[in-house]
Amino acid sequence: MDNSLIIALDFAGMNEVNQFLKPFAGRELFVKVGMELFYQEGPSIIHQLKEQGHRIFLDLKLHDIPNTVKSAMKGLARLECDLVNVHAAGGIDMMQAALEGLEAGTPAGRTRPNCIAVTQLTSTSEEQMQKEQLIPISLKESVLHYASITKQAGLDGVVCSAWEAALIKEKAGQSFLTVCPGIRMASDQVGDQKRVTTPEAARTMGVSSIVVGRSITRSLEPLNTYDQWMEAWKGVKQ
Ligand SMILES: O=c1ccn([C@@H]2O[C@H](COP(=O)(O)O)[C@@H](O)[C@H]2O)c(=O)[nH]1
């Protein structure tokens, strides 16, 4: 699961997804299904994408009481995605419950999906965090703290920005996943993201995998753009 470029399929429905994926026919991608798409299409979208050979990050960011998260994860495990997630702010008990649910729901003989926790969203700045969440420490400390309780709960890694990835790996170990959205080419619009960097810099920062949405999905030539991104991320011509 390391070194992947995960394409965020932030589309309103299957028709838009099919349109986007057309030029990629025959290529096996790592794609992310988030709330927008899953709430419209439900589990069938996962089955369809799996049939096309794609690996899947189901990005629903569960955050509720432990019992509810456990039951929800039990159901999601049956979809056999590669990666799922929760919010670390839900706490250690909730994260452990997520793992219990995943283990209970994973079909016999199959490996449970990797489970990671969102630390601070990449759309959150330090100022916002301090003022709106009343967290009176630096953003980096908050992210590191969330990474530490995520590790304690036994999860496989975190969602963070590339800026925090190296320190998290130093503390939690190199195999602890750091999955990083908020990645932009220098010429791209930053939009609502706050903690942003380029794919080349993310590679040198030791990030496990990057998540890229609009820069690829809104491109007029998505396949060419994807190949350029892969080259920048991997550091070698694809
Ligand atoms: O902290 C987070 C957690 C999740 N995301 C998701 O990643 C993509 C990023 O899309 P871009 O268009 O490249 O900004 C999107 O699906 C978010 O829901 C995140 O950005 N930050």
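Using N, Cα and C of the backbone, Cβ positions are placed for all residues, glycine too.
Features reported for this protein in TrEMBL:
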type     : residues                                             : note
ACT_SITE : Asp59                                                : active site, for OMPdecase activity
ACT_SITE : Lys61                                                : active site, for OMPdecase activity
ACT_SITE : Lys61                                                : active site, proton donor
ACT_SITE : Asp64                                                : active site, for OMPdecase activity
BINDING  : Asp10, Lys32, 59-68, Thr122, Arg184, Gln193, 213-214 : substrate binding site
DOMAIN   : 4-229                                                : domain 'Orotidine 5'-phosphate decarboxylase'
Distant-in-sequence Cβ neighbours of Leu60 (substrate binding site), under 8 Å, six or more positions away: Gly34, Met35, Phe38, Leu76, Val84, Asn85
Contacting recorded positions for ligand 1, chosen from Asp10, Leu60, Lys61, His63, Asp64, Pro66 when the Cβ sits under 6 angstroms of any of its atoms: Asp10
Using Cα positions only, nearest of the binding-site residues to Asp59 (active site, for OMPdecase activity) (Asp10, Pro66, Gly213): Asp10
Rounded inter-Cα distance in Å - Asp10 (substrate binding site), Asp64 (active site, for OMPdecase activity): 23
Nonlocal neighbours by CB distance (under 8 Å) for Pro66 (substrate binding site), same chain, sequence gap 6 or more: Gly90, Asp93, Met94, Gln96, Ala97
DSSP three-state assignment (helix, strand or coil) for Leu60 (substrate binding site): strand
Residues satisfying Cβ distance under 8 Å from His63 (substrate binding site), sequence separation of at least 6: Val69, Val86, His87, Ala89, Gly90, Met94
